[in-house]
Amino acid sequence: MGNVEMALAVLAKMFLRGCSPNVHTFTSLMKGYFMGGRLCEALDLWNRMIQEGSEPNTVAYNTLIHGLCSYGKMVEAVSVSQKMERNGVFPNETTYSTLIDGFAKAGDLVGASEIWNKMITNGCLPNVVVYTCMVDVLCRNSMFNHALHLIENMANGNCPPNTITFNTFIKGLCCSGKTEWAMKVLNQMRQYGCAPNVTTYNEVLDGLFNAKRTREALQIVGEIEEMEIKSNLVTYNTILSGFCHAGMFKGALQIAGKLLVGGTKPDSITYNTVIYAYCKQGEVKTAIQLVDRLTKKGEGYPDVFTYTSLLWGVCNWIGVDDAVVYLDKMINEGICPNRATWNALVRGLFSKLGHLGPIHTVDNILANGEVT
């Protein structure tokens, strides 16, 4: 965003010196605002551009439409596309794919279909991006046979599907628990000239672990290694989480070690999963050391998920008094306990103190003003 601020300063100087910025200047700045999450400023800049007499071109309109779609403002985005046509600027493939993608993310099949039909009517042939967006919205509406039919039409026409198209289809299938079908599509991809990439395998792994098909997930892990596909952070986090949910905590910690040796930088999901695994293994002191190290790093860690796992571990493996110390530490760091935190704490207290102990302990915490 620093570059946007600098560009705005230059823009202000241009106005002061009587220079009129052109549509390319305004469009670049508007894009910067959207990327920085500053919707209002982007819209103000658009209005300023119109006031200055700069006629928006296709790129400018597409930038505005993309920005509105990214905020889920589909009514406004469609309105801009209609105004675009009234002003004699014709939508192109990017315009239509952006609108269809926006409707897809909103799960709005009707909206996406209307744009698709309008695109065809206006003589603009869909490209692979547009087709993939339609596959996405069909999957989000559980219309998998229609999505498959669309992919087959692509293959039979002049717009063959690519790996992203298949990844979108596989993700939709896995999210709906149709892992058997997803595995079949994975094996069929190469027939269409599309090689699976790391994203493909990440989606399949996530689907298999969620379906508790751990043995098949392990086979996919082996396939990734065999094909020498470089795993990314999402791959490692998916395997870590899958191993933990399958009770394979030792294996999860081995994967974490492999991640670090491979030079992949962990994120909060990685750390929280590792801390969870340590606590489940009874290695709570190691988990505490990791939390202390993360606190010193000051990179947004630990968070409520970190402390929830830690409180469960301390309660179950060390003692109630220590758990209350970490609850106090959590609150002092400005991290507010959520329902899962309290559930973990109360369950741990019940197992240690019997029926009335947890109630008295929680009452004392609340009475001391440790929770607002």
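Cβ atoms here come from the backbone N, Cα and C positions, even for glycine.
Feature annotations, reproduced from TrEMBL:
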{"type": "REPEAT", "residues": "22-56", "note": "repeat 'PPR'"}
{"type": "REPEAT", "residues": "57-91", "note": "repeat 'PPR'"}
{"type": "REPEAT", "residues": "92-126", "note": "repeat 'PPR'"}
{"type": "REPEAT", "residues": "127-161", "note": "repeat 'PPR'"}
{"type": "REPEAT", "residues": "162-196", "note": "repeat 'PPR'"}
{"type": "REPEAT", "residues": "197-231", "note": "repeat 'PPR'"}
{"type": "REPEAT", "residues": "232-266", "note": "repeat 'PPR'"}
{"type": "REPEAT", "residues": "267-301", "note": "repeat 'PPR'"}
{"type": "REPEAT", "residues": "303-337", "note": "repeat 'PPR'"}
Confidence summary for the repeat 'PPR' (127-161), mean pLDDT rounded: 95
Contact set, same chain, for the repeat 'PPR' (232-266): CB under 8 Å, 6 or more residues outside the stretch: 198-199, 201-202, 205-206, 208-209, 212, 214, 217, 221, 224, 273-274, 276-278, 280-281
Same-chain residues at least 6 beyond the ends of the repeat 'PPR' (197-231) whose Cβ lies under 8 Å from its Cβ atoms: 163, 166-167, 170-171, 173-175, 177, 179, 182-183, 186, 189, 238-239, 241-242, 245-246, 248, 262, 264
